[in-house]
Structures are given as C-alpha cells and as structure tokens.
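*Asks:* Here's a structure for you.
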Amino acid sequence: MQLNSNEISKLIKRRIAQFDITCEIRNEGTITAVGDGVIHIHGLTNVMQGEMIALPSDQFAVALNLERDSVGAVVMGSYLNLSEGMVAKCTGNILRVPVGTALLGRVVNALGVPVDNKGVIQCSCYFPVEAVAPSVIDRKSIDEPIQTGYKSVDSMIPIGRGQRELIIGDRQTGKSALAIDAIINQRYSGVKCIYVAVGQKATTVANVVKKLEEHRALSNTIVVIASASESAVLQYLAPYSGCAMGEYFRDLGEDALIVYDDLSKQAIAYRQISLLLRRPPGREAYPGDIFYLHSRLLERASRVSSDYVERCTHGKITGRTGSLTAIPIVETQAGDVSSFIPTNVISITDGQIFLESHLFNSGIRPAVNPGISVSRVGGSAQTNIMKVLSGGIRTALAQYRELAAFSQFASELDDVTRKQLQHGQKVTELLKQKQYAPMAVSCQSIILFAAVHGYLEDVEVSKISDFESALILYMTYTEKELIKIIDHDGVYNIDIENKFKSILETFKSNQSW
C-alpha cells in the first residue's frame with residue numbers, strides 16, 4: 001500500500017485544527033505548617049483578607065495573615081486530618097452565611113448550618129459576614145423605643161431602635177436574663193430577634209431556646225451558637241454571622257434586635273487566634289486591633305433612612321426605615337469596669353446598663369445601678385407617657401441614695417428626710433421585677449404614675465409587690481380600651497391623667513390587695 005504524503009499532511013493539519021487545549025489557571029499553594037487550628041500556606045498569591053481557602057477533604061480555612069511569602073489561615077473545623085505538603089487553593093470568595101426568614105425559629109452555628117435537628121434550611125440569599133457599616137448620610141436619628149418590658153430600663157435607661165446599649169456586670173448578675181426578656185417582649189411587636197451565644201455551655205443555650213419556645217418568642221428569633229467546645233475561629237465569627245442575618249431585615253425596612261452574649265468571650269477567642277498567628281501582643285496579651293474587632297461589629301447596628309432601604313431593595317420598598325439594635329454583653333471581674341475590653345466597648349456603644357453583684361444578692365432584680373447606667377439617646381427614644389412619668393423616678397432614687405448614705409451616721413432624722421427615705425425604699429421595691437415577666441407600657445405607666453403622684457404613701461414597703469400585682473390585674477380587667485390606647489399611641493394628656501387618678505382612687509378604696 002502506497003501512502004500519499006498530501007493526504008497524511010491534510011489529516012495531520014485537520015487533527016491539529018480540531019485539537020482543543022483548555023487552560024485552567026488555579027491559584028494554589030502548599031501547606032507548610034499545621035498546628036492548633038492554624039495553617040501556614042506558601043505559594044498563594046493575590047489572596048484577599050478573609051478569603052475562603054479550599055483544603056483537601058472538602059474543608060475550608062479563612063485567610064487572616066497576609067505575609068510577604070506566606071498566608072496564615074484558620075481552619076474552620078477539625079485540622080487533625082491536615083498535614084504539611086497538602087495543596088490549598090484560593091476560591092475568590094469571602095465567607096458568606098445564609099440569611100432570610102427561613103432562619104427564624106431555628107438554631108444555627110456560626111456558618112449558618114442548622115444544629116437543631118429540624119432539617120435543612122432552604123435559603124436563596126447569602127450575605128458576607130464582614131460588611132461596611134452604613135455611612136453617616138444613610139443613617140436616621142433614633143426616635144422610636146424598643147421596649148424591654150423592664151420598668152427600671154424603659155423608664156430610666158431607654159433603648160431606641162438602632163441604638164447600641166451595653167449590658168455590663170460580673171458573672172451571675174442577670175445580664176443574659178435581661179437580654180432574653182427583651183427578646184421575649186418583642187414577640188408581638190414585629191421586631192425580628194437574633195441571639196448570638198459565644199463561648200457558653202451548650203446546655204445553657206438549650207435552656208434559653210426552651211424558654212424562648214415556652215414564651216412563644218422562638219418563632220421570631222434566630223439563635224446563633226458557638227459553644228465553648230467549638231473552635232476559636234467559630235467563636236470569633238459567630239457575632240459577625242448573626243449581624244449579617246440582622247442586616248437582612250434592616251435592609252428590607254424592618255426592625256431587628258441582636259444580642260451578643262457575650263463579647264468578652266469573643267475577644268478571648270480572637271486573642272487565641274492572634275497569638276497562634278504570631279501577631280504581636282499588646283495590653284493583656286490582646287492584639288493591637290482588638291478595638292477594631294468590636295467597633296466594626298457594633299457600628300453595623302444603626303437606623304437607616306428610607307433612601308438607603310429603597311436603594312438596597314432596588315426600589316421595591318419605599319418610604320420605610322430599617323433598624324438593627326445591638327445589645328452587647330460584657331462580663332467584668334470583681335466589678336472592674338476599667339479593664340481593657342469593658343472600656344473599649346463602653347466607648348463604642350451609645351450607653352450602658354451596669355448590673356451590680358451586691359444589688360443582685362440583696363434581692364434587687366434586675367440589679368441595675370441607676371447612678372452609673374446611662375442611655376446616650378435618652379428621652380428621644382421614649383414614648384411620651386414614659387418620658388413624662390419617668391422623670392420623677394430617677395430624681396427620687398438619686399435623693400434616696402444620697403440620704404441613705406448620710407442617714408447611717410445620723411442618730412435622729414426629721415420628718416421630711418424620713419418621708420424621702422421611705423419613698424425611695426418604695427420606688428426601689430416597685431422597680432423589682434421577676435424574670436420572664438416583661439411588662440407592657442400601659443402597666444408600667446400606671447405603676448410609675450402611682451409612685452410619682454403619692455399613691456404609695458400609705459402602702460407599706462412589704463406590701464408594694466402585692467399592691468402592684470393587684471393593680472395590674474384590676475386594670476387589665478376593667479380598662480381594656482385604655483390599655484390598647486396607651487400601648488398603641490403612648491400619649492400622655494389630661495384625659496389619661498384623670499383616668500389614672502380615677503382608677504387608683506377606686507382601686508385603693510377597695511383595699512383589694
């Protein structure tokens with residue numbers, strides 16, 4: 001058989017023309033060191049801060065240290081199956097978590113993966129865990145209250161929608177209880193809630209979830225958990241993940257409330273990560289950017305303008321403002337609020353509620369110290385009726401504390417001083433409240449009215465609690481229409497004042513308590 005060179009040439013040219021070489025450019029590196037959840041990768045280029053890095057066995061790491069010739073990253077999950085020499089690849093993606101209404105009523109980890117055995121969460125929307133806070137132009141002034149249901153907080157330390165209000169105190173002083181009751185009080189208000197548990201025992205969080213379910217508040221709440229048994233990176237990321245979930249509702253023109261319980265443990269987790277990444281330690285061995293850790297998180301809580309909401313929804317929602325209210329919790333040691341993390345967070349937030357051990361142990365619960373607790377938003381975040389009636393409460397308590405200090409050294413007291421001391425004791429007793437029993441504005445209002453207008457003068461201190469319970473019960477059954485008006489409008493006028501006087505006079509004439 002004779003071969004034709006022309007045919008062979010044509011065949012080769014046709015095969016060359018049909019030959020398809022696909023080029024795949026990958027940014028790969030080699031793991032050079034593994035230990036304590038931290039890996040160092042050599043050879044990666046153009047890596048972003050916070051970028052997801054793909055590892056063998058479908059694992060991921062987050063790039064935190066960008067050095068000249070290597071990348072330091074923290075592994076999300078177990079690092080025990082990783083070893084030197086393995087390949088790591090850039091993904092080009094920043095860490096994102098699922099957001100949306102499908103998460104309400106669920107318990108998820110720091111990555112948005114459900115851990116409550118209720119099935120997979122179907123989410124079509126994902127938000128980055130790190131986001132830029134709304135600018136000054138995009139924000140709106142805070143003028144709407146978020147009711148906690150506590151008389152002492154709503155009257156003296158009001159919290160507004162879009163505010164950052166710190167709860168600070170020693171362990172076992174009722175910090176979490178106050179925040180959880182604030183969530184329970186939102187069950188009928190339409191405010192979406194996110195509870196972020198960082199570094200807590202899983203059994204403690206399970207009890208919180210159970211209580212939220214019992215009080216019909218879980219269906220309106222997302223619980224994000226990074227328990228004490230989980231890695232430091234998940235404890236560090238959990239508050240940012242919860243914040244992203246809250247921003248979804250804020251950007252839709254809705255109101256959301258997020259509780260960070262607590263940021264002290266997040267700071268400890270971040271310190272652990274930073275030391276493992278060989279970052280230079282500073283005060284109390286915390287890294288130099290520990291302030292930025294909390295400031296960039298808490299600055300994302302805000303009340304945004306209707307223009308911002310319209311821009312975020314591409315014109316689908318107009319004329320509505322959104323808000324994300326943050327209640328961070330910080331634990332102190334022996335009441336020392338001048339240590340590093342407490343002073344940082346105090347300087348970032350718009351006020352703080354101090355809870356004190358000696359008040360808690362003496363039976364005053366919530367153990368709020370009204371002298372050093374403050375809300376920088378103040379009366380602009382209160383309803384009209386609470387603003388009018390609460391002024392006398394703070395004054396009465398301030399006078400009581402001052403006189404109580406001097407009365408210890410005085411052998412005899414005049415009648416005026418004795419009356420002021422008795423009034424202060426009654427107001428202190430009146431502000432006590434049981435856990436899981438948040439109170440509506442209407443009920444708080446008539447109790448404060450009774451205290452301010454002298455209706456407690458003939459009531460003994462030991463009978464204050466019974467007087468309060470009986471008064472609320474009486475008002476609930478006899479004045480349903482008035483309760484609706486006050487809870488809806490929050491106005492205070494001469495008609496409501498006369499109505500309150502009539503209710504109290506009729507109630508006291510019955511002596512039903």
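Using N, Cα and C of the backbone, Cβ positions are placed for all residues, glycine too.
Relevant sequence annotations retrieved from Swiss-Prot are reproduced here:
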type    : residues                                                       : note
BINDING : Gly169, Asp170, Arg171, Gln172, Thr173, Gly174, Lys175, Ser176 : ATP binding site
SITE    : Ser373                                                         : site 'Required for activity'
*Asks:* For the recorded ATP site formed by Gly169, Asp170, Arg171, Gln172, Thr173, Gly174, Lys175, Ser176, name the remaining residues of the chain with Cβ within 8 Å of the site's Cβ center, in chain order.
*Replies:* Glu331, Leu355, Ser357, Phe360, Ala367
*Asks:* To the nearest whole angstrom, state the Cα distance for the pair Ser176 (ATP binding site) and Ser373 (site 'Required for activity').
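*Replies:* The separation of the Cα atoms works out to 17 Å.
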*Asks:* Does DSSP put Lys175 (ATP binding site) in a helix, in a strand, or in coil?
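*Replies:* Reduced to three states, the DSSP call for Lys175 (ATP binding site) is helix.
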*Asks:* Which residue, out of the recorded positions Gln172, Thr173, Ser176, Ser373, shows the minimum number of other Cβ atoms inside 10 Å of its Cβ in this structure?
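*Replies:* It is Gln172 that, of the recorded positions Gln172, Thr173, Ser176, Ser373, has the fewest other Cβ atoms within 10 Å.
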*Asks:* Could you round the CA separation between Thr173 (ATP binding site) and Ser373 (site 'Required for activity') to a whole angstrom and send it over?
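*Replies:* Cα to Cα, Thr173 (ATP binding site) and Ser373 (site 'Required for activity') are separated by 15 Å.
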*Asks:* Using a Cβ-Cβ cut-off under 8 angstroms and a sequence gap of six or more, which residues of the chain neighbour Gly174 (ATP binding site)?
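*Replies:* Listed in sequence order: Leu355, Phe360, Arg365, Pro366, Ala367, Gln435.
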*Asks:* Between the binding-site residues Asp170, Arg171, Lys175, where is the Cβ count within 10 Å the lowest?
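*Replies:* Comparing Cβ neighbour counts within 10 Å for the binding-site residues Asp170, Arg171, Lys175 gives Arg171.
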*Asks:* For Ser373 (site 'Required for activity'), which of the three DSSP-derived states applies: helix, strand, or coil?
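*Replies:* Once the DSSP labels are grouped into three classes, Ser373 (site 'Required for activity') ends up as coil.
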*Asks:* Could you list the residues of the same chain, at least six apart in sequence, whose Cβ is under 8 A from the Cβ of Gly169 (ATP binding site)?
*Replies:* Lys175, Glu331, Thr332, Gly335, Phe354, Leu355, Glu356, Ser357, Ala367
*Asks:* About how far apart, in whole Å, are the alpha carbons (Cα) of Arg171 (ATP binding site) and Ser373 (site 'Required for activity')?
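*Replies:* Counting only the Cα atoms, the answer is 18 Å.
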